[in-house]
Amino acid sequence: MANSQYEYVKQFEQPDRLLPNTWIVIRIDGRGFTKFASKYGFEKPNDRRALELMNAAARAVMSELPDITIAYGVSDEYSFVFHKSCSLFDRRSSKLVSTIVSTFTAYYVHFWPSHFPNTPLSPPLPSFDGRAVCYPTVQNLQDYMSWRQVDCHINNLYNTTFWALIQQGGMDATEAEKKLKGTLAADKNEILFSQFGINYNNEPEMYKKGSVVFRDYEPVDPGTHNATAEVDNMARPVQQSKTQAENDKKKRAKAPIVVEHISIINRDFWDRRPWLLSNKPGKIPKEP
Ligand SMILES: Nc1nc2c(ncn2[C@@H]2O[C@H](COP(=O)(O)OP(=O)(O)O)[C@@H](O)[C@H]2O)c(=O)[nH]1
Ligand SMILES: [Mg+2]
């Protein structure tokens, strides 16, 4: 490339690399979704169509980016986890975040009509912000995921009770807020059950647990591996031959990407799916 008097401007580009050998979590969040939800008449407290649209966009992101090992979504947010051995884009924060945000947003808009067939989008269009955080150990990563899922539970129990008091109990927002102030989980369960005949346990799993997206291989017996220790002890990405890398890529592309509403706080979830931590593709499940 020829030098020009303008070339010095390149020196203004500053490095924004994420720490090597760490799990990268990119969390995106809908911008101004309180307003957006009311504009499109999202049901309160949970709109199944809106949540399934988020899940469809997240699945599409995962199928385009095989370095993502797992994703977790609740409300207007989604967390995408890049495996610690990923060297994608040399781990540049702005590149990773912008790729996830733009791919997710594009699919959100693309899939909108199939989830809201009678309500075309109009400006202001949906948009998302995003941030990147590095987690050094498997425990840190699992605690991050647990934090989001516990948040989902706390918010959903609150919102379910809050909206029952309003929609079925005839209260206004101020009265409902006052009624719930200082209450514990048990109190909210009791209000739901005694006043409205709602057993919180019977609420849809997607609302209670959020959505977990991952590649599905055949589950293994817990205790047959120690993926956590192996991956925590890894000092640098495993050097793979070209053929090996291509084989893994093919297997990943073949694996179905599933959306489930289950506990990721429970260790069993990770123990039965060692590929989530090891990044080694498992066995492709047989056709049912
Ligand atoms: N009615 C409804 N609103 C939702 C649903 N999912 C997300 N939202 C809205 O999205 C907001 C997400 O919170 P937050 O990101 O803090 O608010 P934001 O800054 O307005 O995007 C919630 O407060 C809700 O108003 C849903 O399923 N139904
Ligand atoms: Mg938001």
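Placed from the backbone N, Cα and C atoms, the Cβ positions cover glycine too.
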Given TrEMBL annotates Asp29, Gly30 as Mg(2+) 1-binding, which of Asp67, Asp76, Asp90, Asp143 belongs to that site as well?
Asp76
Given the Mg(2+) 1 site Asp29, Gly30, Asp76, its other Cβ neighbours within 8 Å of the Cβ centroid, in chain order, are Ile28, Arg31, Phe33, Ser75, Glu77, Phe128, Asp129
Hey, does DSSP put Gly30 (Mg(2+) 1 binding site) in a helix, a strand, or just coil?
strand
Sequence gap of 6 or more, C-beta under 8 Å: which same-chain residues meet both conditions with respect to Ser75 (GTP binding site)?
Gly30, Phe33, Cys152, Asn155
Those binding-site residues in Asp29, Gly30, Ser75, Asp76 whose CB falls under 6 A of ligand 2, listed in sequence order:
Asp29, Gly30, Asp76
Cβ atoms other than its own within 10 Å of the Cβ of Asp76 (Mg(2+) 1 binding site), all chains, total 20
